[in-house]
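Read the structure below first, then the notes.
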Ligand SMILES: *Cc1c(COP(=O)(O)O)cnc(C)c1O
C-alpha cells in the first residue's frame, strides 16, 4: 500500500506478522531505536536468566557446571544453534572470541590452504578492523601483498591465479550495500581463491545460505541484529569440506584434541572445535541463548520482507518531507541491493544525529559524513519510521542541530 499518513503506518503495524516479536523486547515506548544494527535491544527474560545462571550454576554448582551445565561445550552447542541463521550445518560454526579474532583465525587458516599464492584482496571501505587484522596477520607471516577493491577498481580487475584469499563484507556497514554472495563466491572460486565473508551486518537481517553458496569461511558478531548483548561472543564458520585441512595458529588448549590430557604437544581437535582458543566467557553466552530462543521462532524471510518495506518507506518519506533540506541518500535506492539500514549524508551529520538523539530518535554517525539508521524488523514499527522522518524534518527546518552542545564529540559515535 502507498503510505500517505501516520494512520496508514499504524494499519501496517496492526497487520505485521512480526508484531508479536516486538513485545519480547524491553524497549522504552518513548524511544525510536534505529541503532539495533550496532547494539540490538534487550530481549525480555535476559536479566532473570542471567541471575539464575549466576546463582545456581556458579553460586551453588560451582566447578561442576563445566560438565553439568555444559559450560565447556558452549562454543559448539551455541554454534549449532546459530548455524541455521547463516545456512550452515551442525559442526560448522563455533561461537567464541570477537569477530576480529575469528577473522584472524579464518584468514590464516585460509592462507595455509592456498600455498604458493601471495595476494590477498579486500575492500577499501570494509569495516576497518577487518583491514587491520589482515594487515597484522600479513606482516606477521611475511610475503603477502594486499590489493583493495575501491573507487574504479573492481574484484574482477584484481582476481588472478596469484590470489589466495578474498575478504568481503556481505552488507556494507556504512551504506548497507549487499553483495551477491552466490555470484561473487563463484567468481572467486573460478580463480582458485578462497572467500571469507564478514556477516556482521547481515546475520539476523536477511537469509544467508553459506553452504548453498559453497562459501569457505565466514565470521560475524551476535550483538547487532541478533541481540546477544554487549560483549556477546562472535562466530566463525568453517565449511565442512575444509575442516580436515584448515588449521589456525592460535593453538590454545580449548582447540586441542584432548584438552584434559595435558600433553606437551598441540594436536588440533577434529572439526570446527579447533577454532576454539581458550576458556569461553561463559556468562556472555547467557543473553545470546535467550535471544536465540526468540530467533528460533522468527522467519528470516518475513524479517527480510519487512526490513525492505521499512527502509523503502524511510527513503520515500525522506525524499517527500525532507527534500531540499541538504540530505543525500548514501545507500542503494533499490531495496534488493540494500541491507536493513539507510545512510544519509548531510554537511553536519554528527550534529544532526546528536540533535535527533536528544529528541528520542537514536541513530549513529559514521565518519566522515554519514548518519546511519538501522531498521531491524524484529522491533521497529512503520509508525516509528513515520515519526522519525517528521522529527528529522523538524530538526533540519528549525536548525536545532546548530546548538553548540551537539558538536561535542564523544569517544563512541
Ligand atoms: C561490528 C563489526 C565488526 C566488529 O568486530 P569485533 O571484533 O566484534 O569488535 C567487524 N566487522 C564488521 C563488518 C562489523 O560491522
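For all residues, glycine too, the Cβ spot is worked out from N, Cα and C.
Curation does not apply to TrEMBL; its annotations are automatic.
Residues or ranges marked as pyridoxal 5'-phosphate binding site in TrEMBL: 99, 100, 127, 128, 129, 130, 198, 201, 223, 253, 279. Taking Cβ-Cβ distances under 8 Å and a sequence separation of 6 or more, the neighbours of residue 223 (pyridoxal 5'-phosphate binding site) in its chain are 39, 40, 229, 230, 231, 232. When secondary structure is read from DSSP and collapsed to three states, residue 223 (pyridoxal 5'-phosphate binding site) falls in the coil class.
Annotation comment: TrEMBL describes 224 as N6-(pyridoxal phosphate)lysine. Around the Cβ of residue 224 (N6-(pyridoxal phosphate)lysine), a 10 Å sphere holds 26 further Cβ atoms from the protein chains shown.
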Ask   = For residue 198 (pyridoxal 5'-phosphate binding site) and residue 224 (N6-(pyridoxal phosphate)lysine), what Cα-Cα distance in Å is obtained after rounding to a whole number?
value = 13
Alpha-carbon spacing, residue 129 (pyridoxal 5'-phosphate binding site) to residue 224 (N6-(pyridoxal phosphate)lysine), which is rounded to whole Å = 16
Task = To the nearest whole angstrom, state the Cα distance for the pair residue 99 (pyridoxal 5'-phosphate binding site) and residue 224 (N6-(pyridoxal phosphate)lysine).
result = 12
Ask   = What residues, ordered by sequence, lie under 8 A Cβ-to-Cβ from residue 127 (pyridoxal 5'-phosphate binding site) and sit at least six positions away in the same chain?
value = 169, 173, 198, 200
Task = In three-state terms from DSSP, label residue 127 (pyridoxal 5'-phosphate binding site) for me.
result = coil
